[in-house]
Amino acid sequence: MKRDRDRDREREKRAFSNGAVSSGKSKIWEEDEEEKPDAGMDELLAVLGYKVKSSDMADVAQKLEQLEMAMGTTMEDGITHLSTDTVHKNPSDMAGWVQSMLSSISTNFDMCNQENDVLVSGCGSSSSIIDFSQNHRTSTISDDDLRAIPGGAVFNSDSNKRHRSTTSSFSTTSSSMVTDSSATRPVVLVDSQETGVRLVHTLMACAEAVQQENLTLADQLVRHIGILAVSQSGAMRKVATYFAEALARRIYKIYPQDSMESSYTDVLQMHFYETCPYLKFAHFTANQAILEAFTGCNKVHVIDFSLKQGMQWPALMQALALRPGGPPAFRLTGIGPPQPDNTDALQQVGWKLAQLAETIGVEFEFRGFVANSLADLDATILDIRPSETEAVAINSVFELHRLLSRPGAIEKVLNSIKQINPKIVTLVEQEANHNAGVFIDRFNEALHYYSTMFDSLESSGSSSSASPTGILPQPPVNNQDLVMSEVYLGRQICNVVACEGSDRVERHETLNQWRVRMNSSGFDPVHLGSNAFKQASMLLALFAGGDGYRVEENDGCLMLGWHTRPLIATSAWKLLPDSGTGAGEVEL
């Protein structure tokens, strides 16, 4: 008898995995089709006592797969009547029976959700998630709790995707749905079409819970976010995963160690430079303003508040070398943070630039200064020479916003700039308000901003673009550059969302906010000309997905955005006639 039961189970398994009418060799199949009372039924399943029409096989297979996953995840929740050990013999309507089982499960889950009050608010549509609340939680939280956020979701891994059955065959396993019950609450994705909308709603609901200091609800929601993110693809999955990590760190109070460590950030920024046009646009537009300000000057001095790898200056040096009447003497002062290994990275950059200057025939002088913050810099050591003999330009790219984390720091630096009395100050900043005092406002702004930024990265990495202007197209983006660029932006997200106080240095503000600050500090805007606008637009033709980038002129400033959303802004400034003390009177 046992052997017969085993044989029957084996035949049943083959019937389910095949999911189609077999061409079997038994004499059963030789009967006249017209004489069968159940014509149209799947014959292989009919032998086992199940009445299923062949046309319904795909639907039954899908429902059985959902039922199998639901039954597997409910065993730990004490729902005994759905145990996989229960035997259901020969239902006359298999499709209806399976549907009733699923409906029963859904009802139980809905009751469970109501009791535990973990539904996401603001989602008016029917739930696409059936979730199980854990009745116990660990009393301590550590780095291990971040395993609820699937790190693999950053990459396009097919193994992490949930597939919905569309054919008559189906798998009897659900390994892709299995998660560690101690790490996440098990879910069943019934309808993936609404998952993207639900993911955004869950992110915002989690941020609202954090704002209200309801950390229990926030903990439950952040686990949902990690699971929902895996079901997405492309930019949405990546940006959601970074926001989930940032929220988890804030909830569990596991703050990133040295999250904005300078040397690593510099390396990541180099990859960001290669991947998309934002930094190139920043360097190009700032250089154009500096070049025009230096017209007719025989000696020029640029003070770079963020030298990093010095990628901005070869283009300016080459432009100066081609100037009618010969190039001016070019002096560059680079400011940068100390390196963890105490290497003199600034001098290495200066040495490379000196080699280039010698090649193109430009008289060149370089000095580097190390400072933890621009506010710590003593302007008297910059060797400012009289303005009659040397024109000075001050350049800041993605740097001044970091001063907003220290009270009075930005005012001190702007006052020092006034004492230096430069011909021009070029300022490039992110076009976003990530410095709001209310966390939920800052979170929502960051979510929209970085979603757009990741979307543009996704386009840059998809293909190379052919330029309609005849310029050679940009080669396809290296995959390593793309991934490291995502990490570069992800670290910013983590700082904006997870950190507070002086540790939160990514305090981006909008162009209008910088206008108010610069005007109140005694600076007057310098109009960036139409020539810079045209050349910046041509620059975008070099990049994949160039059609999505937009250059916009805004009251004399230039902004680069993706489709309709501005993302960075370049502005230029000069001192008002009655501001500053003039060269030779530098003081703090």
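Cβ atoms are placed via backbone N, Cα and C, with glycine included.
The feature motif 'DELLA motif', as given by Swiss-Prot for the ranges 42-46, 377-381, 482-486, 542-546, sits at 42-46. When the ranges 235-239, 250-254, 300-304, 555-559 are checked against Swiss-Prot, the one recorded as motif 'VHIID' is 300-304.
Range annotated as motif 'LXXLL motif' by Swiss-Prot, chosen from 200-204, 225-229, 400-404, 445-449: 400-404.
Of the candidate ranges 269-334, 348-380, 392-495, 498-574, 392-495 has the most C-beta pairs within less than 8 angstroms of the region 'Leucine repeat I (LRI)' (197-251).
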